[in-house]
Amino acid sequence: SPQILGLLPGKFSVFQLFFAALLLGFASLLWLQLSCSGEGAPPGRGVPRQPCPPEPQPPPADDPSWGPHRLALLVPFRERFEELLAFVPYMHRFLSKKRIRHHILVLNQVDHFRFNRASLINVGFLESGNDTDYIAMHDVDLLPLNEQLDYSFPEAGPFHVASPELHPLYHYKTYVGGILLLTKQHYEMCNGMSNRFWGWGREDDEFYRRIKGAGLQVRRPSGITTGYDTFQHLHDPAWRKRDQKRIAAQKQEQFKVDREGGLNNVRYRIESRTALSVAGAPCTVLNILLDCDTNETPWCTFG
């Protein structure tokens, strides 16, 4: 918090503060694990021990009730470690309880360009493997609270879980952001998402037009009565500022439909691929280096 930072002596670089926050996050997880596993404070010291939550179990390979489909949960990510530590175990439990086979892919952008959510989703799709047959574009700061929400195979067309009637912030009728499910076949029909959107916003609006152009119909949840309390939004705007800067021709370009780019021309390199377990929940972190043609999209840099 700003109060804590004010107590620190001297000046710290952004990297040093980020590294310190990361260490504190993992230290907190370690303390939680030790305190609930009985290895923390010794008995009789006045520190009550809390029972450890049960670790989520992977789907049994021979249980037909889990169905034949497997979801690739694609999570565009950069520097939101507190949210990730909450997101991965929560979503693993949520999907396991619904008997949905899944693989959580954290798409971590590690280059020096501005954040590009759409390109990261394109990369996640290409790197998700042949053992998954549908995807969820899923914001890391949005947790589903209503167990009636459907994450099953969207055979009939794109299924917008975080519909305008339910999302806590965005309520316009063409909104398809937050959480959107598609079969891999349908995503390919759209040629994925445009790679021209650097910074925050507008890539979902352009993708809505791609969905329509591919002849697909967006479906949304029905019978959900929890309204705007259907999701928990973890984002703190006071702490995490959105990169809403518009540079050069970006103001005009952001409203155009990209008729050429998408899955076919996303430029990237996988720096590393790491399997992790967060509070017993498995995920894979892809460290992704995106590339940018500054002649085509000069607004990809911070300038």
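The backbone N, Cα and C atoms fix where each Cβ goes, and this holds for glycine too.
For 50-62, the entry in TrEMBL reads compositional bias 'Pro residues'. Taken from TrEMBL, the feature domain 'Galactosyltransferase N-terminal' covers 68-151. Residues annotated as domain 'Galactosyltransferase C-terminal' in TrEMBL: 158-233. Positions annotated as region 'Disordered' by TrEMBL: 42-66. TrEMBL lists 12-32 with the feature transmembrane segment.
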| said: When secondary structure is assigned with DSSP, how many helix, strand and coil residues does the domain 'Galactosyltransferase C-terminal' (158-233) contain? | reply: 20 helix, 11 strand, 45 coil
| query | By DSSP, what is the split of the domain 'Galactosyltransferase N-terminal' (68-151) into helix, strand and coil residues? | reply | 28 helix, 23 strand, 33 coil
